[in-house]
Amino acid sequence: MAAPALSWRLPLLILLLPLATSWASAAVNGTSQFTCFYNSRANISCVWSQDGALQDTSCQVHAWPDRRRWNQTCELLPVSQASWACNLILGAPDSQKLTTVDIVTLRVLCREGVRWRVMAIQDFKPFENLRLMAPISLQVVHVETHRCNISWEISQASHYFERHLEFEARTLSPGHTWEEAPLLTLKQKQEWICLETLTPDTQYEFQVRVKPLQGEFTTWSPWSQPLAFRTKPAALGKDTIPWLGHLLVGLSGAFGFIILVYLLINCRNTGPWLKKVLKCNTPDPSKFFSQLSSEHGGDVQKWLSSPFPSSSFSPGGLAPEISPLEVLERDKVTQLLLQQDKVPEPASLSSNHSLTSCFTNQGYFFFHLPDALEIEACQVYFTYDPYSEEDPDEGVAGAPTGSSPQPLQPLSGEDDAYCTFPSRDDLLLFSPSLLGGPSPPSTAPGGSGAGEERMPPSLQERVPRDWDPQPLGPPTPGVPDLVDFQPPPELVLREAGEEVPDAGPREGVSFPWSRPPGQGEFRALNARLPLNTDAYLSLQELQGQDPTHLV
């Protein structure tokens, strides 16, 4: 019965044996610590510590890279009661055996009888666990009583980070320990240091270590071998404080400079003497500008001063006043046109009266400077009729029965000079188109009556309403009312197809400014003028009417 029972239990024990071995290995790894560092060239140093390690057991570290064909093994040597260490030599000291992409599998193997037992395992990334070799070749370059210059070298450092290094140094003074020594940090690759504030004739020791800036688990290298040096003794009778002499020299120079400047400013005889010393040859401006020198007595400042007061150049002054635009009815007296101080009365726009205006832009050409060029005011005259278009029959029948508009009285005094009409010759020069009509207008004696100048309704119906009037010309000072230059009634009747008798021998030819217009002429003019609701004439419109004369 015992044999059958053992037969089915044996396969079960074989299956459970690997599991028991892995549990034992995990227990061993849980109480051990395995740490390795790469020196960036061809050396991997490892330290393994184990609690309750077996006595008289040999252990070793085996390295197996994933991208290389070689493998290396080193014997762990005891460094303390529970720790061992070894160095994996991968090749020549300065050869680059590993790169940043390599991963090395490290195992700690211990012998148990005739078999090797795995005690620890690690996937090692060389450039994430860097520790360089300690600096070498420390030497004193220069030593004085209070300072010392020391240099060193770095061995077996990879070219991957040879420019990305930092250093720490410490100096051991008498009566202190290395742990108490202050650390001096160099954040760049600087293989020398200048120690200051040292005591003369004193013995010191110096150490330095290095660390690359690359790697997550990178650590400082071991401290270098101590370098002992001694400062020079101080000379007899010499001040032991070096900065005091420099301070005295600086203060003496500053006081001397201040005294020299004071003497140069306050000494009256310094000017000619200084010119002779500096050999300054300044020319006399009076030799070249004799007229200015005689006018201002040799004062150069008056030569360069402005002839105008400073207020003339002030941008904050009052702006020049601009002449107002006045619009008055034709029936108003002329004196109201030039009263600038008073506000003009609003014109009552009706369908029976035309309006006239006089605009002057004298204010635009006013200057404050005494030598400025004065420009004479330019006057612009224009008319407009704001009434709406009426029926010709109703217009004739509804003509005002009152007296005809009386001509305005001529101006006098300053007002007459302000807004006057041009002379006959100037008017012809200003608007030569007055002579370019089909024939000069003719007037009959007694033309002032309204009934004599009025046309029959039958003739008024035949007159075209969109007839374009001739260019306007300003009247003479004797007749200030502005009347458009129009063809005579005979010409209008001929165009309408009616027979009109020729003028008698007593009917002379005259221009429209030679007689006062009648009421019928105003009505005929108003009936022919197109509706114009604009109250202003621009400069371009004036030039368009008469391009030979520019305003």
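Note that the numbers count up from 1, one per residue, in the order the chain is shown.
Quick reminder: no glycine exception, Cβ is built from N, Cα and C everywhere.
A simple way to gauge crowding: the CB of Cys36 (disulfide bond) has 21 other CB atoms within 10 angstroms, across all the protein chains here. What Swiss-Prot records for Cys36-Cys46 (among others) is disulfide bond.
The feature disulfide bond is assigned by Swiss-Prot to Cys59-Cys110 (among others). For Cys110 (disulfide bond), the count of additional Cβ atoms within 10 Å of its Cβ stands at 21 [all protein chains shown].
If you take the C-beta of Cys86 (disulfide bond) and look for same-chain residues 6 or more apart in sequence within under 8 angstroms, you find Ser45, Cys46, Gln60, Val61, Cys74, Glu75, Leu76, Leu77. Positions annotated as disulfide bond by Swiss-Prot: Cys74-Cys86 (among others).
Taken from Swiss-Prot, the feature domain 'Fibronectin type-III' applies to 134-234, supported by sequence analysis.
Marked as N-linked glycosylation site by Swiss-Prot: Asn29 (among others).
Look at Swiss-Prot and you will find Asn43 (among others) tagged as N-linked glycosylation site, backed by experimental evidence. Taking the Cβ of Asn43 (N-linked glycosylation site) as reference, residues of its chain lying under 8 Å away and at least six apart in sequence are, in sequence order, Asn87, Leu88, Ile89, Leu90, Pro93, Gln156.
The N-linked glycosylation site annotation in Swiss-Prot covers Asn71 (among others). Counting only residues at least six positions away in the same chain, the Cβ atoms of His62, Ala63, Trp64, Pro65 sit under 8 Å from the Cβ of Asn71 (N-linked glycosylation site).
Annotation for Asn149 (N-linked glycosylation site): spatial neighbours Val140, Val141, His142, Val143, Trp192, Ile193, Cys194, Leu195, criterion Cβ-Cβ under 8 Å with sequence separation of six or more. In the three-state DSSP assignment, the secondary structure recorded for Asn149 (N-linked glycosylation site) is strand. Taken from Swiss-Prot, the feature N-linked glycosylation site covers Asn149 (among others), and the record attributes it to experimental evidence.
What Swiss-Prot lists as region 'Disordered' is 389-416 (among others).
As annotated by Swiss-Prot, region 'Disordered' applies to 432-486 (among others).
The signal peptide annotation in Swiss-Prot covers 1-26.
Swiss-Prot lists 27-240 with the feature topological domain 'Extracellular', giving sequence analysis as the kind of evidence.
What Swiss-Prot lists as topological domain 'Cytoplasmic' is 266-551, and the listing cites sequence analysis.
Taken from Swiss-Prot, the feature transmembrane segment applies to 241-265.
In the three-state DSSP classification, Asn71 (N-linked glycosylation site) falls within coil.
Note: the domain 'Fibronectin type-III' (134-234) comprises 3 helix, 44 strand, 54 coil (DSSP; helix = H, G, I, strand = E, B). Taking the topological domain 'Extracellular' (27-240) as a whole, pLDDT averages 89 in the prediction. The 10 Å shell around the Cβ of Cys46 (disulfide bond) contains 22 further Cβ atoms across the protein chains shown.
The most densely surrounded of the disulfide-bonded residues Cys59, Cys74 is Cys59 (count of other Cβ atoms within 10 A of its Cβ).
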